[in-house]
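Engineer: Take a look at what Swiss-Prot says about it:
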COMPBIAS  63-118  compositional bias 'Low complexity'
COMPBIAS  128-138  compositional bias 'Low complexity'
COMPBIAS  246-284  compositional bias 'Low complexity'
DOMAIN    457-626  domain 'tr-type G'
BINDING   466-473, 512-516, 566-569  GTP binding site
REGION    566-569  region 'G4'
């Protein structure tokens, strides 16, 4: 089928008509118009074509309208004529390239399908002239009005994309073909390997079956020899008969699993179907068919068949049982025979329960053997549990309990026994005993010997000591070029600060100690951990009590002293007075003929600081300070606190060895793994050598200031030492409380006699040293009547648990340089618990002293008024006995306290109820006058008794 288009306008020649020139764009055709009654008429129709085009497609010229579409069969005949006209028609009829100027010379039919417009061809079929005339052929001479059938850019792009996609698909198909070939080769290799494995397994199975058949044949021969001869003859006669009903030569309905039957099995006599079937199950390792199994209802039928054979005169065949074949290790675990299990390479493996039972059986057999007793050296502490003793002896705790039961003691593995009982048990079981004390766990941690060849010089540790406000911290600030005083509350140091400075390329470690009287323990710790002590004395204040105390601490620690006479810039400074005052305390400076170095400095104006540092280096050079940096670290805890963000933080001074992150150390009763090391400038360091102060993070708890620490080998050792020290601390606390209170009877008597009152407190501070100083200061405030009772103290902020404890013990909460969190504040407000914050120890001690003074009972003071002698005693109705007296000394006041003295013995003390002169009540009666007196609730008065009158005053006391 060809479409008629006007792409090429040519002249057409009709042999029946004259030669005419067709108008461009107009096509004439003749059609037959039908009328009624079969009449027709030829009508000339002119078709004028219009060309419509859109921006995204090429303009096309519509074909002439036709009354009916052309037949499909006419397309192949008209194709040669219309091939040059339409590219789409040419592509539809043959896979030849269209005569267009396109980059691709060839294109398959599928990619060019979107270019053709079949709906145009269907709507505009080729016009057929009447009488079988063909359409006019194009005239190449006339080109007027012609429209070239060129491809638009979008169609060219579509064809180009189709070609590229076809090429991509071709590459992908080629790659898939290569992969498929590779996979097919691997599959063939795998199948060949499987066939080889199957053949090998089949050969092994055949060999095994042959061996089993041979063993079975030998067993049958032995059984046949043991059977009597008549039965054998009857059996041979019976072999001629066919097999009984229900016996099948082979299992037709059961799969054989691909196992070949053993060929060439030796037979006795003629072939016997029944024995073959009976032997098939043991050979193949699977149960017999249901038809061959003896069921409960089949025994009578078998007996009937045997009786029928006997009646017919034929000897009954005796039942021959197959010999029992002992299964091997593989057959025991084979189980049911199936196709899956038969085709698999390996049989069923032993289960975990079977393996466990086998191991337990082996262990029991080993335990039944008599083993040689091993004698061990058992280390026994002061107390030990039965379980721990059994582990150390490598014995069962059950055996120890049985032994104790024989001795009449019922005990459990967790019970604790003493060292003597443990020694008896160990010796009874044949072990030797080594008795140790609990304190032995600490042996060796501080006794590590230094390697003399590895000793190197270390920086000196210098402690700055002196009286409060003599300028210790200011001097250290001037040396460090920092300002620490402004950070201390009240301008006084309440912590131990450790720093390092560099002078002439050499490091010096400084420890600043508080000078307040409450911080005696801190100064003592600072003196013990130092090499050199700098005694700071103000030139305008001379020697003070804490100065003397610092001198005593330094002498007790055996460290040399360097005197720094500070504040020489003041007008009232008198350094010579300081030197003279030091002579009274056996401190002889060089200017006075001694060996103690003294330097006049001014921390405020930074005068002579270099001389002071040079004196320190000179003294350190004389001491020849050395340490081994390669050994495990040891040192002392200078300060400890509980930081909210970092946990327990301990400021330590390394004295020996080098400390690294990850080391396990014990500090007092606490232990932990070092998570980080922070120097005095807040920088994280990888290691801390000798004489270096650092902060340690990672301890399980907050140690006490002054505790020694040491690095141990493992966590078990550290935990053991820490538990021992905690237990020791608890025992000391109990002993201290029991010593202070005594027995219950003594405590009750003391309360009744003295009436000691307690002021409960919960103290929370920023560092452990401050808490220790506060506790010691409050202990000194106590008297026989009142004392401060520290319910709880610790480093860290105030929490809800502290408030709950204070509420239970009716205590007040004191926070020193710490604050309570919001939950604790809300809880304290609800429960009415008072929380007081302090940052200066002076104010804290003064307030606690005032509060404790309020608990003191007021002082009772008596003032003598006068004496009166009883002259006569009168009995008055409704009043009682009234004494008629004369005032002999002083005066007597109404409502005053009186004592009745008889024979110089006080027999009554009370109050005066009435005082009358004649019949009038009077306030007082002076000396020399007579009066009448009556006592409250007392009538035993006699003539001649003396009445002593006095006034009682209650005066409040203070501590």
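If you go along the chain as it appears here, the first residue is 1 and each next one adds 1.
Glycine too: its Cβ is placed from the backbone N, Cα and C atoms.
Note that the coordinates shown come from a computational prediction; the quantities given were computed from them, not determined experimentally.
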Engineer: Between the binding-site residues 469, 472, where is the Cβ count within 10 Å the lowest?
Structural biologist: 469
Engineer: Cβ distance under 8 Å to residue 568 (GTP binding site), same chain, sequence separation 6 or more: which residues?
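Structural biologist: Sequence-distant Cβ neighbours: 539, 575, 600, 601, 602, 607.
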Engineer: What does DSSP say about residue 469 (GTP binding site): helix, strand or coil?
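Structural biologist: Going by the DSSP assignment, residue 469 (GTP binding site) belongs to neither helix nor strand, so it counts as coil.
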Engineer: Summarise the model confidence on the domain 'tr-type G' (457-626) as a single mean pLDDT, whole number.
Structural biologist: 79
